């Protein structure tokens, strides 16, 4: 028995930081969107018990430091499972890029292993486990288009975003999300990330309106640390993107276009140096 699962990356169409919480996390409000770029995971039962994880395509730890491994251990303990699993993770989503790849992988592991081990957790039960693993893991379970609040775990499904083209540009370095949040100070970004304006633009379905509502309160923080992020945005706009925004805490920047063919044209015109460029589009399971 082999179960295959796809773990889709995400972008934040808006990201606003509302303040620091008593638990040390930051209160956020975000419009989150799944994209077609994905990792692939394969799961096989292991009667001898134990969990093994093999990673291809990225230099990631295969043990307890890996979120997929921790997701498997958490579900195994919560479900009282004695059997084990052999997991193969094939990475396509860039690591430490602001695209939520690790969280998506963990969410995919919860769903697949819940089926393979027959642990019987409901979607709500899996959501509770996902919250224990990380702020973005619950969205990895939901997917599509969603408004996220709290530290990112309180989700409201939104009207689905229309299919839009995306050019992802990842510079040759990673960014620490914790470091970016530590450096955040209110008022750094003159343009407010307006989630409600984005929700209205998505309902209207016009790519230019959606592009006009893009906003990320963390962008000025990362740009101060890594000015290359601002240069990537500039080059994407010069190449013809309708809008450009840093994904999450960075350093990946995405250029938004009306469709996939337009994204390919922007990628071809982009003045590339040493960045990784990926062309993809938004994804919604209901479209």
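The backbone N, Cα and C atoms fix where each Cβ goes, glycine too.
In the three-state DSSP reading, residue 10 (active site) counts as strand. Sequence-distant contacts of residue 10 (active site), defined as residues of its own chain at least six apart whose C-beta falls under 8 angstroms from its C-beta, comprise 32, 33, 34, 35, 99, 100, 104, 136, 139, 140. If you look up Swiss-Prot, you'll see 10 (among others) marked as active site, on the strength of sequence analysis.
Annotation source Swiss-Prot lists active site at 136 (among others), citing sequence analysis. Counting every protein chain shown, 27 other Cβ atoms lie within 10 Å of the Cβ of residue 136 (active site).
Residues annotated as ATP binding site in Swiss-Prot, with sequence analysis given as evidence: 94, 95, 96, 97, 98, 99, 100, 101, 102, 103, 104.
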Binding-site residues listed as 94, 98, least Cβ neighbours within 10 Å: 94
For the binding-site residues 100, 102, the one whose C-beta sees the most other C-beta atoms within 10 angstroms: 100
Around the Cβ of residue 96 (ATP binding site), the count of other Cβ atoms that are within 10 Å: 18
Other CB atoms within 10 A, centred on residue 104 (ATP binding site): 30
